[in-house]
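Participant: Submitted below is the structure of interest, expressed as structure tokens.
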Amino acid sequence: MRLARLLRGAALAGPGPGLRAAGFSRSFSSDSGSSPASERGVPGQVDFYARFSPSPLSMKQFLDFGSVNACEKTSFMFLRQELPVRLANIMKEISLLPDNLLRTPSVQLVQSWYIQSLQELLDFKDKSAEDAKAIYDFTDTVIRIRNRHNDVIPTMAQGVIEYKESFGVDPVTSQNVQYFLDRFYMSRISIRMLLNQHSLLFGGKGKGSPSHRKHIGSINPNCNVLEVIKDGYENARRLCDLYYINSPELELEELNAKSPGQPIQVVYVPSHLYHMVFELFKNAMRATMEHHANRGVYPPIQVHVTLGNEDLTVKMSDRGGGVPLRKIDRLFNYMYSTAPRPRVETSRAVPLAGFGYGLPISRLYAQYFQGDLKLYSLEGYGTDAVIYIKALSTDSIERLPVYNKAAWKHYNTNHEADDWCVPSREPKDMTTFRSA
């Protein structure tokens, strides 16, 4: 807790003036006022690196770097600066969480992982890119950090659950936690993307895998969208058959408006797309099976895939009864789930419904490269889930949270009551307003 208190104290001071000026050089030298060496301890290191904005990369940049004479030295020089910046930016926001949430064992564990990873990366800040042993050790460190952060999502989720069960959550805290988790998990996705790219390109393992031979790290330059959708459907179907002894069929159609008659392919991370469609299939299957439980006949899940000049769109339609409009936003709330929460020790088993994180995390995966995920529901009939992905790799640019004055203000501003009238539950008695 001592480190947590120190980091929190530094965060409460707010971001320094002028830290986000346009054209601020990513040069950790005298032009930034101080250097990591002059900062003492973890709080000083976090403060220093949080002064820099993360550098978002486009899918094309990821692709070009990995496919044209991939250079481990170049990756080393970029990551040893960029990873501390991304870690430090989100660590500042962790420190702004409510004290009681910071004290939960799960959040303390997550915080310790981030501190340890930052310190390990900073060991390489003065190493030469010409030092072969330093490059080798750095790749090992990247893989170790990636493995350390494997359970960040369920561990942070458990911390929030512990906090809610012990202290409850008022509307302001709930709003701040929702805001934080969106940014924290988006940061985690981006950090893992960098770690995966380096470890897959230079880690030495998996390079010869036939199924991934044409991949650039975790990116498939010719990702066959229908194949990923079918894979997600089959795996969700196995779970559905296990739970309900039956499952709805899949009706899949594609329309390539850009190149008629050709299969739809896009530069993308297949694991991200798989995560999204797998979660949507689980939700659609569960809703369909439960809504039609007494009928014994289960309508198929329809999926339409279209590729235009700007967007790749995947629309999944079910006849699972839908949800009321007032509940749509709740479906993207991290603490909302219509199914019982699994026990922590079984959270890795990927049940058909669980923490309630499937939809919000899936939306973050879509938004990570400037896409989106939206729900449109017809209560009593069914739901359409629509995934939007950028069709061009040059438009697919990382969406990254940055710790600045706007973010700091969000955590430290009291959110006033809504500025729209709240309707009463009972009709107003207009007789009291009759004129004499």
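Using N, Cα and C of the backbone, Cβ positions are placed for all residues, glycine too.
Pulled these features from Swiss-Prot for this protein:
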{"type": "TRANSIT", "residues": "1-28", "note": "transit peptide"}
{"type": "MOD_RES", "residues": "Y136", "note": "phosphotyrosine"}
{"type": "DOMAIN", "residues": "163-393", "note": "domain 'Histidine kinase'"}
{"type": "MOD_RES", "residues": "Y243", "note": "phosphotyrosine"}
{"type": "MOD_RES", "residues": "Y244", "note": "phosphotyrosine"}
{"type": "BINDING", "residues": "279-286, D318, 337-338, 354-359", "note": "ATP binding site"}
{"type": "MOD_RES", "residues": "T338", "note": "phosphothreonine"}
{"type": "MOD_RES", "residues": "K405", "note": "N6-succinyllysine"}
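Help me understand the surroundings of these features in the structure.
Facilitator: In this chain, none of the residues that are 6 or more apart from Y136 (phosphotyrosine) has a CB less than 8 Å from its CB. Following the DSSP three-state reduction, the secondary structure of Y136 (phosphotyrosine) is helix.
Taken together, the residues in the domain 'Histidine kinase' (163-393) have a mean pLDDT of 90 on the 0 to 100 scale.
Of all the Cβ atoms in the protein chains shown, 16 others lie within 10 Å of the Cβ of Y243 (phosphotyrosine).
Of all the Cβ atoms in the protein chains shown, 17 others lie within 10 Å of the Cβ of Y244 (phosphotyrosine).
The Cβ of E279 (ATP binding site) lies under 8 Å from the Cβ of G358, L359, I361, S362, each on the same chain and at least six residues away in sequence. In the three-state DSSP reading, E279 (ATP binding site) counts as helix.
Mapped onto three states, the DSSP output places K405 (N6-succinyllysine) in helix.
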Participant: Per residue, counting other C-beta atoms within 10 angstroms of the C-beta, which of the recorded positions K282, K405 reaches the highest number?
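Facilitator: Ranked by Cβ atoms within 10 Å, first place goes to K282.
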Participant: Using other CB atoms within 10 angstroms as the count, which residue among the binding-site residues M285, G358 scores least?
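Facilitator: Taking M285, G358 as the binding-site residues, the minimal 10 Å Cβ count falls on G358.
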Participant: Check the Cα-Cα distances from Y244 (phosphotyrosine) to the recorded positions K282, M285, K405 and tell me which is shortest.
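Facilitator: So, of the listed recorded positions, the one sitting closest to Y244 (phosphotyrosine) is M285.
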Participant: Do me a favour and check the Cα-Cα span between K405 (N6-succinyllysine) and M285 (ATP binding site); whole Å is fine.
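Facilitator: Their Cα atoms are separated by 43 Å.
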